[in-house]
Every structure is written in C-alpha cells, then in structure tokens.
Ligand SMILES: [Ca+2]
C-alpha cells in the first residue's frame, strides 16, 4: 500500500514537472524578424558574444569563445571545443568599425573560457576594471582585470576562486574588488540537467566582499545579474521560469530581499540596465528546444529576441507597474540564440552564446511601440 501511494505521488510529481517543462520549452515558438532600424553583424566575431559590459564613454567589452562543452560534451557541437576565448572591444562612438580583440594577461594561460562579465569604473580616476567569469580547466574563477587603454590590454588584478563557485554564469561588480556571482547549477557535467528536470533549488547567488564569500540567495535555474544605478536593487534572471527577480540590497552586509518577479515570456539570459531610464534590457531565447539543436550543431539557427522592461512605479518600488517591449527579434539568420544586449545613445549591440554579434541603430522613437 505504501509503495502504491509512493508510486502515485511520484507519478503526480513527474506529470507536474513534465507539464511545466513542456510549457517552457517553446517547442512551437517561431522567431519573427523585427529590427528597430538598420542592423549589421559586428566583425570579426563568429564564436559567440555571450555577454557585453559597457563603460560610460561608450566602449563595450564582449566575451567570446565560451566552451559550453563543459556542461555536457556529448550534446555539444565538437567545433565549440576549438573556440578561442577572447574579449573584444567595440566603440559605440565609431559604429562603422569592427570589434578589436583586447590583449589578455599571460597569467590567464592558454585555456580561457569567458562567460558573464561586469564593469567597474573608479569615479575619481576613471580606471576601468572588468570582472570576467572564467571557466578555468581546474576550477571556476572570477578574473578582475584592469583595462589599459593605451596598450589595449588587460592586466590581472586578482583571480578570485572559492568553493562556493559551483558553476558561475554571471557576475555583477559592487566595488573595485567586491561582487555578486550567480551559479546556474550545483552539479557539473551532463547530470546537471537533472537539477532543472527535478526542480532542485541548488542554484545560488554568492556575495564576495573582497575577502570572504557567502550565499545570499538559493533557487532554481539562476543565470545573470545586474544592479541599478546607485546599487539599491539587484536583478537576477531565471530563464526556465521566464522571469527576472528584483531584490532590494542591503548595502552594509550585501544581503538581498526579493521584492518583485516579472514574467517576460521568454528564456531571459543576460540582464543590462539602462542607467538613464532604469529600464531592464535582456537577450532572450525563445525556444530551449531550438537552442539545444543550435548547441548540438551551430549551423542550426535558433531565434533571437531582445526584451525591455520599462518601470512605471515610484522610486522606492519602480517595478510595481511596468511596460514590456520587444525592441528586436530575429529568426536566427542575423544572430542566433541572443544572450545579451547593451544600449548606448539609441544604438544597441546584441550578443549570442555561440554565434555572431549584431549592431543596430534605433530608428524608432523609444517612447513609441519599440
Ligand atoms: Ca548568461
């Protein structure tokens, strides 16, 4: 009798999980082309542009060459393991120019697999530090790099490793050597999929204050982090639930308190905050099914979408009401599997997990339907 009851409960759980997963897979979703103005690919990027970090002067850094095979080698196109990790620089002020690879410090070694990034700029000296998630062969790391504009190079300030870094996807800087890091799983390798299938809340957000690290949030399917201007709110994307969580941040101890979850209708990846308007922008995947096919064969196209959430609430709770926009969509031909976006003076850069990058001018007025 007990076994029958247990079996029944297991069946109910399996049906509930399959129902939830099938809804989120987006099997029947199509990528529709709608560009906000003239768009072009940014050369020479061909092997991914997973995340974009933007400096106040319009210089954007783009991470490229993420070796996703670390997640589950048999399900990935073997060409991905040959990707070379790079960080490109793109200048929004010279939008007709190509992106240029930035010279990396020798300490990073031959094997470099950059993922999420964020930028910290010293308000007095203007020094730019780029925080880069790097899946080192032996362990996860957040590399803190100083940008040297004259030599177009990075020097290594600090390589932060910690036992709480289980599978870091993204990072958001809150000081010259302090940050939050989001782990997108606890298990490594192919078995990590079981975390999503079973709905195990083993993802974490880790706060590193420059010396020590602690877990400040746990849950399912975490991905990317961003922070509001002034640092009061932290944003966390949860692709599987197709939502972005908004937390109030205690600036003394780094703790986070969930205040809002906004459903965006697509598998939201890296979050970008427009500090002029407070808008949340993100690269999105429409179909995890097509995304999976793209990872298995990078010649198979996966649709792209960019979303924008415009806050309409008061300053202490800006997203109590909001408007949701889709400024960009593509069937996968221009850019496949969009993961990131950055906005600068009515121009956007769009990045992808494994494919090209695109630059678009925004011809429409932001206050209109775009
Ligand atoms: Ca990401």
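Cβ atoms here come from the backbone N, Cα and C positions, even for glycine.
Per TrEMBL, the features are as follows:
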ACT_SITE  115  active site, proton acceptor
BINDING   50, 51, 170, 223, 269, 270  Ca(2+) 1 binding site
BINDING   169  Ca(2+) 2 binding site
DISULFID  39-360  disulfide bond
SIGNAL    1-20  signal peptide
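Shown on the structure are the features that TrEMBL records.
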residue: 39; record: disulfide bond; DSSP class: strand
residue: 50; record: Ca(2+) 1 binding site; DSSP class: coil
residue: 115; record: active site, proton acceptor; DSSP class: strand
residue: 169; record: Ca(2+) 2 binding site; DSSP class: strand
residue: 223; record: Ca(2+) 1 binding site; DSSP class: coil
residue: 269; record: Ca(2+) 1 binding site; DSSP class: strand
residue: 360; record: disulfide bond; DSSP class: strand
Ca(2+) 1 site shell beyond 50, 51, 170, 223, 269, 270, criterion: Cβ within 8 Å of Cβ centroid: 115, 116, 169, 224, 237, 271, 283, 339, 340
Residues near residue 51 (Ca(2+) 1 binding site) in space but at least six apart in sequence (CB under 8 A): 62, 63, 114, 115, 116, 117, 170, 224, 270, 339, 340, 351
Cα-nearest neighbour of residue 39 (disulfide bond) within the listed binding-site residues, 50, 223, 269: 50
Cα-Cα distance linking residue 360 (disulfide bond) and residue 223 (Ca(2+) 1 binding site), given in Å to the nearest integer: 25
Cβ-based isolation winner (fewest other Cβ atoms within 10 Å) among the disulfide-bonded residues 39, 360: 39
Tertiary neighbours of residue 269 (Ca(2+) 1 binding site) (same chain, Cβ under 8 Å, six or more apart): 223, 224, 237, 239, 282, 283, 284, 285, 338, 339, 340, 353
Neighbour tally for residue 270 (Ca(2+) 1 binding site), based on other Cβ positions within 10 Å of its Cβ: 30
Pairwise Cα distance for residue 169 (Ca(2+) 2 binding site)/residue 50 (Ca(2+) 1 binding site) [Å, integer]: 10
Separation of alpha carbons, residue 360 (disulfide bond) and residue 50 (Ca(2+) 1 binding site) (Å): 17
Residue 223 (Ca(2+) 1 binding site), number of other Cβ atoms within 10 Å: 24
